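Reviewing the structure listed below.
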Amino acid sequence: MGKHEFLTPKAIANRIKAKGLQKLRWYCQMCQKQCRDENGFKCHCMSESHQRQMQVFGQAPDRVVEGFSEEFLDAFLTLLRRAHRHSRIAATVVYNEFIADRHHVHMNSTRWATLTEFVKFLGREGHCKVEDTPKGWFITYIDRDSEQAVKARLKRKRIKSDLAEDERQERMIARQIERAQQSMGKTNGELGDDASPDGSEGESGSEDEYSDSENDHEGQEEDAKEANKAAGKIAIALQRAVPGPKVNPLDDKPKVKFGFEEEDEVSARDKEKEELAKKKGKDAINAAEARRSALDELMKEEEKAKERSNRKDYWLCPGIVVKVMSKSLAEKGYCKQKGVVKRVIDKYVGEIEMLESKHVLRVDQDELETVIPQIGGLVRIVNGAYRGSNARLLSVDTERFCAKVQVEKGLYDGKVLKAIEYEDICKIFH
């Protein structure tokens, strides 16, 4: 029986049927050929081209199935990202839109046998937020592109703050060097003032003068004798003209020292020793304070370095109590409800078991908040320098939005953190 003419009703009907979606069981994924009925599909399976494709499949079946699975996943997520980027929608609706394309990758050629299994895979891998409801499975696409932009902005902000902190440290070190140089200059000046004017330089100068005058010593002796004679004559004349002062004959006698004078000398020496001891004590105290301040500065620098290394943009960890703040979950009654983090997926998505309903949800950390316990309760430090440590809540400052905690167990046991932000601590589930 020959083919129908091009413009006959039968030919037009055949072309219309070929454009639409046919039965999936008559589609060959390896050959990418759609058959219209069972007889046509049987004839295709007996063809040489199909037999060659089946030989290729038999050589590496796992690789072929994995390739089709990747194509199916990429195409499905592309459709979900473009058409339903920020909406919560039924999985069957998205799947019907996906298979509307005649050339789509069929699910029976992938490693997922059913749509339910595929939806569970999306939730398990963190591609979508998955909810099982009486009306079926609902999915919400997790927009990783906007998250990457936020992370990049936070990273740039953190780099700027680190650069500013480095500049402040450099200025502080420069000021310390200037103060040290000034203190060294003052100590050198004090040592120069304490030097005696009748020191070795004066002695050496007198020796030089004495050595220079040795050559003229013989010639000056005769002049000195004549000058002494004249001076003696003048002194005798003056004694006769002007009466001298009264001389006490007892002044020339040696004085007798009694015990009181010796005690005064001893007490003076003791006072000098006490003053020296006080001066040395003050110097020792100043040196100790300088060492203590240097040690404090080193500890502060180490604390800042630890803060920079342990400060991350993700904070979820298993075993903590969090509060769900997602508006999309408000319809189900999960908004502002507390749950326990059971598992963390890709660092940013948490598997939360609600405390009241015991339902398990997968929620991004941006839609979660930390929970602060009562005074005396146990918390976990989820971010910052002491990330991963358990601590005891001591007090809460509601004006500054920070808390005072004491680290328990571990390397920093007993250390008190006076002001740690609410976002860096979270209640531990008992």
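Note that Cβ sites are derived from N, Cα and C of the backbone, with glycine treated the same way.
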Correct range for coiled coil (source Swiss-Prot, candidates 110-146, 147-183): 147-183
Surrounding residues of the coiled coil (147-183) on its own chain - C-beta under 8 Å, 6+ positions past either end: 297, 301, 304, 308, 311, 313, 348, 364, 366
Secondary structure content, the region 'Winged helix-turn-helix (wHTH)' (51-160) (per DSSP, counts of residues): 71 helix, 15 strand, 24 coil
